[in-house]
Amino acid sequence: MKEIAIIGPTASGKSDIAVDIASKCNAYILSVDSLSVYKEIDIVSAKPSKEELRQIKHFGIDVTYPNEHFSVERFLHLYQEAKEQCKEHQKNLIIVGGSSFYLKTLITGISPFPKFSHTVQKKVSKILCDVDEAYRLLQKIDPTFAMKITDKDRYRIEKGLLLYFQTGLAPSDYFQKNPPRSINENIQIYEIAIDRKTLRKRIEDRTKRMIQKGLIEEICTLEKKYTREPNAMKAIGIKETIHYLDGKIKNIKDLEHAISTHTAQLAKRQQTFNKTQFKNKIALTYDELKKKILQAMAD
């Protein structure tokens, strides 16, 4: 069984390469995309088509609902599930997506968490009735840890308080005593190299297709069902559409421009992250990369 990862900025063609290679190299695909994990967020996440999902087994697509939290621990569980099924069915595994933080965590690992008692969980749950107060408590317990998160990050505030009340250690001290353990540090990473002008054109074209496919209708349905509160509803493409529905963005052309601009800014951040976090990657243009991966999978 071979494992590879394909990374690159949003709209660079990662999913297309992955599906093509998977069909030729007997592989399953694990999606590393922070929006594709959500059911019902289909158009704005640019998920693989229904035909592609039928053709190649995918993990990490439609695994939870927009009002539920998706954690890195959940991603690591999905990875283990994908790996086990690949071994069972004698398949290779292709990891692909723009949320490279999850891939980085797969390589560096995360600190193991203790089992939290029912008493501790109940106590923290009560404290979290007032998230602002919970954050202030965390600031007193561990100013260093609190500085790394926002006062609205309920998930990490909860984790910090759970660790403290379960172990008696400030989260920073706990993580120092329990360093991360790598899960798989030997994954070969391939990156799509693409120039800014070409990428911007691809982003603009994809944004137009999203709107034509019914992006606005999708967001209306999501807002009605889940409200605007979940973190997933603050994603690029969703927040701009909500502004359009509110009248803050005046017309479709301006909506396209806003989504394209923010997506291009995201792409730049993704490229910076990939450049600084993954040292031993192979970066090639689309066609060259596909050829290189096919050769590697055949060896």
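Keep in mind that glycine also has a Cβ here, set from the backbone N, Cα and C atoms.
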Range among 9-12, 33-36, 109-112, 153-156 that Swiss-Prot annotates as region 'Interaction with substrate tRNA': 33-36
Contact set, same chain, for the region 'Interaction with substrate tRNA' (33-36): CB under 8 Å, 6 or more residues outside the stretch: 44-47, 60-62, 70, 97-99, 102, 232, 235
Gly8 (ATP binding site) CB neighbourhood, other CB atoms within 10 A: 26
Ser15 (ATP binding site): tally of other CB atoms within 10 A of its CB: 23
Between Gly8 (ATP binding site) and Ser99 (site 'Interaction with substrate tRNA'), the C-alpha gap once rounded to whole angstrom: 9
